[in-house]
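Visitor: Here it is, the structure, as structure tokens.
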Amino acid sequence: MQPPQRADFEWYFIHAREMALGQGYHWRGQATAYWPIGWPFILSIIYRLTGPVMISGLIFNTLLSIGMVILIYKFIEHFTHHARLATIGALFYTLLPSQIEWNAVNGSEESFTFLLVVVLFALTLLSNKKEHRWWPFALVGLLLGLDIDIRPIPLLFPIFYLFSERWLGQIAWRIAFQRTVSFVLGMVVGIFPVTLRNWLAMHHFVLVSTNGGVNLWQGIMTNSGYYWSYNPNINPLLAAGKNEVLENAIGEKVAFQYYWTHPWQTFLNGWAKIYHLYNNDVNAVRYTFINAGAQPWLVTTMRNVDTIAYWIFMLFVLLGLMYLAIQAEKRPLLRQWAVILCFLVYYTLVFFFFPAWDRFRYPLMPLYALFTPMGCAAFPWIWNRTIRHRFKGEQKS
């Protein structure tokens, strides 16, 4: 399927093409950092090699998706030493319908998710090898910095990484701190070129992008979905005009004022946002089947198919987590994967303040896929411990 590229995906194509032609990264006649420059920059490199054709970006995304399947397989096999379990995990992710559909659009999902998976898998391997040299952690941090250039969401993850090393990994404070500092220094190196570009082009300190404040303001207006108003009595961001740096600052100020004056409502809204992050799997259908002009019955069917498949996927994830937590001989795997677990918690909590829907959950799916084989292993364990045991008891009586 090659649906028409609209919204963000059309933006990426147009601006990557302009960058490939040496016209810079602009919006509304001036340098921009509203959408992070990372993915348009990657696309512009591809377009310099292939010409500005949409299919080349889609092929690149598909290759990244295949790479993630391979990484899932190798990671599970490395820690479990079972090729069958690794195959199950890779298949769960491969057959997830929305994962297939996202490959049909020109979005940043695949590049961000692929780099994220590489970073977290590498960090997990380093932590379990008891690596004491600083540079491997700095190198992984560099990769995360480049990933942040695509989407800034993991920016504060080092705080959770320190926690995972110290308490879950039971590493001494000194070593955990050294690893985290090395990791952060690498991140800084990866982010710095974008920050420097923003300073030179926009004459303001903008770490990665200028849409964080806008998204925070949207988060106090809605818990799920995109929100915007052209009514100045409702939308204070309109006062900034084309000045996206000022727009970002206004959004941050208004959002933090709301948190201060409405703490209980912020708390309740946060949990509502997390609910919307996880409750269904329909957004990919909008950008594929709806944009391609599919019949309403097919759109409804695919939304149901995607969501039911997602619910089944997550059922096996939950069973897998419970199985690992209950089974004493399997519990060490949870500690070995502490980095993965901490990132899942971190990423979820980030959306306590931002509007959330299933598109933003997509980068977590390869990580959740790691637990699906254990979910399958839980079924015979449940059978032996409950149903079969009860059946034998009834026979004896």
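From the backbone N, Cα and C atoms, a Cβ is placed for every residue, glycine too.
If you look up TrEMBL, you'll see 36-169 marked as domain 'Glycosyltransferase RgtA/B/C/D-like'. What TrEMBL lists as transmembrane segment is 57-76, 82-100, 112-128, 134-163, 175-196, 308-326, 338-357, 363-383.
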Visitor: Three or more CB pairs closer than 8 Å, sequence separation of 6 or more: does that hold for the transmembrane segment (134-163) against the transmembrane segment (82-100)?
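Guide: These two stretches do not touch.
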Visitor: Let me know the model's mean pLDDT on the domain 'Glycosyltransferase RgtA/B/C/D-like' (36-169).
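Guide: Result for the domain 'Glycosyltransferase RgtA/B/C/D-like' (36-169): average pLDDT 93.
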Visitor: Can you work out which residues elsewhere in the same chain, 6+ from the ends of the transmembrane segment (112-128), have a Cβ less than 8 Å from its Cβ atoms?
Guide: 38-39, 64-65, 67-68, 71-72, 75, 78, 136-137, 140, 143-144, 146-147, 150-151, 154, 161, 164-165, 169, 171, 179, 183, 336-340, 343, 362-363, 365-367
Visitor: Looking only at the domain 'Glycosyltransferase RgtA/B/C/D-like' (36-169), how are its residues distributed among DSSP helix, strand and coil?
Guide: 108 helix, 0 strand, 26 coil
